[in-house]
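One structure is given here, and the rest of the page talks about it.
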Amino acid sequence: MSTPDGSRDSAASPDQEGSEPAGADALKAFLGDAYEPMQQFAQLLIAHGEERGLIGPREIPRLWDRHLVNCSLLASVLPQSGRIADVGSGAGLPGIVIAIMRPNARVLLVESMVKRCEWLGEVSDRLGLSNVEVLNGRAEEYAGALEADAVTARAVAALDKLTRWAMPLVHVGGEMVVLKGASAEQEIESAQKALRKFAARDAAVQELTGPPGYSDARIVRATRGR
Ligand SMILES: C[S@@+](CC[C@H](N)C(=O)[O-])C[C@H]1O[C@@H](n2cnc3c(N)ncnc32)[C@H](O)[C@@H]1O
């Protein structure tokens with residue numbers, strides 16, 4: 001997960017000791033009540049992310065811009081309540097960020113690696129996130145079993161494959177919302193067959209503007225029609 005899609009490498013760098021990230025006022029205005037728990041999540045990633053094989057050392061200085069803000073932008077377009085499934089949560093990106101920003105939603109973290117699931121459970125406990133459920137297994141194993149209102153992912157697979165894994169986890173009328181980078185439009189083209197399989201409507205790229213000093217994000221959204 002050290003080089004996820006969907007973010008740029010400019011950015012405000014956080015204080016590596018973790019006191020306050022750069023541009024903290026803009027971040028506080030953007031995140032509101034989510035700022036404090038996001039800080040705690042950042043501290044956990046800084047303290048343990050590398051040793052547990054969750055993030056590379058190069059990611060620590062850009063943790064806020066490339067990871068936490070990037071994922072917060074995605075979370076900001078999700079429903080306030082209902083069920084949200086995040087496929088391949090890894091370190092908790094974007095799954096834990098979504099759980100912080102959507103406290104009234106039930107957030108299901110579908111992750112195939114046991115060690116990452118253990119991490120996700122520990123982080124949820126430490127942050128007191130009672131809205132998180134960690135599901136150990138591949139997304140394909142949960143096809144038809146979840147009926148979520150929205151499904152998310154970042155840096156898990158190309159859109160073609162991701163559509164086949166993610167769409168079966170949302171109900172008809174629900175939405176797939178995934179972070180993607182510069183190739184998002186091409187990925188939509190390459191995923192046409194998979195999107196048609198679910199009669200996906202309105203598949204499109206959306207640009208999300210970051211708070212001052214932070215990068216924008218690009219997402220692909222599509223609504224399940226069948
Ligand atoms: C490159 S990491 C990205 C992690 C995180 N989403 C991020 O952006 O930092 C991909 C993660 O997806 C998980 N994964 C890959 N295929 C999966 C599948 N079919 N179902 C569930 N998890 C999967 C891997 O175990 C890994 O943790």
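Yeah, the Cβs are placed from backbone N, Cα and C, and that goes for glycine too.
TrEMBL lists Gly88, Leu93, Ala139, Glu140, Arg154 with the feature S-adenosyl-L-methionine binding site. Summarising the annotation, TrEMBL assigns region 'Disordered' to 1-23.
Sorted by the number of other CB atoms within 10 A, the binding-site residues Glu140, Arg154 start with Glu140, the lowest. When every Cα pair among Gly88, Leu93, Ala139, Glu140, Arg154 is compared, the largest distance found for this S-adenosyl-L-methionine site is 19 Å.
The Cβ of Leu93 (S-adenosyl-L-methionine binding site) has 27 other Cβ atoms within 10 Å, all protein chains considered. A coil conformation is recorded for Leu93 (S-adenosyl-L-methionine binding site) in the three-state DSSP classification, outside any helix or strand.
Secondary structure at Arg154 (S-adenosyl-L-methionine binding site), as computed by DSSP, is strand. Around Gly88 (S-adenosyl-L-methionine binding site), the same-chain residues at least 6 positions away in sequence with a Cβ under 8 Å from its Cβ are Val110, Glu111, Ser112, Ala139, Ala153, Arg154, Ala155, Val156, Ala157.
Its Cβ placed at the centre, Ala139 (S-adenosyl-L-methionine binding site) has 26 other Cβ atoms within 10 Å.
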